[in-house]
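If you look up TrEMBL, you'll see 297-313 marked as compositional bias 'Low complexity'. Residues or ranges marked as domain 'Homeobox' in TrEMBL: 27-71. Look at TrEMBL and you will find 74-275 tagged as domain 'TLC'. For 83-103, 123-142, 207-226, 246-267, the entry in TrEMBL reads transmembrane segment.
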């Protein structure tokens, strides 16, 4: 309210949403009571009932779906808040872990376990991270529902479970490594979104490419060969198969599966960007972006051409879209 909004206004971001659909009682009733994305048969029926062209009805439903989406100003403020948190907590973690012996030697995570002191810095690091992920868990149900809602729901559950589990079992040393590793790329994604909302496309593309590189290196490289190696093998060697070993590592492996899925989405978006010369709208965008020119052209064609997108999005998390407007 006091920082992000003035910054957005200074960058020329207006508090205006997508084009609003013209009032129509019949279509509004269908939209609210039956379906937000009518199929071809229903479109034909509505076309005869209203004496409207099918493409015009499709455009009305698209505008009606989009008008409930948050404005660019709202999304800018949300991304600026997340950017601030991710950047701050990442540097806090790096500064704290730089002097920690287990940051340089992961076997230190298991020496003298479980009799390892919980310092105040480590405690606050854990509490801040846990509070933030709980906030994401709750806000996910009030935000616009995205296509990867289920993936993000599983991710938040696994993350909260891991943070809580590792804290209760005093596995905080390896826990701090996992947290810091995940924060390394998140602020870059939010920076790319901010650049996109401000219409700095080249800066947006640069941040996204950097995010993609850091994400893949940390999640597909460092995470399995550094984190999973110490939790699966070094812990087994040094302290043996403790009772909750399977649960702990099961949650960590679940995160790795999600990393692979997200990496695929990132690579696909980056590939499109290389072909088109800029980060284009990806499949998870929450605003449908068929242009008015396309609508006018399509009105001259006969037949039914349905729009299949339901306009939902979210990536942790992670890939933003729609020239990044997806988030």
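Note that Cβ sites are derived from N, Cα and C of the backbone, with glycine treated the same way.
Automatic prediction, not curation, is the source of TrEMBL annotations.
Model confidence over the domain 'TLC' (74-275) stands at 89, taken as the mean pLDDT rounded to a whole number. The DSSP breakdown of the domain 'Homeobox' (27-71), given as helix, strand and coil counts, is 32 helix, 0 strand, 13 coil.
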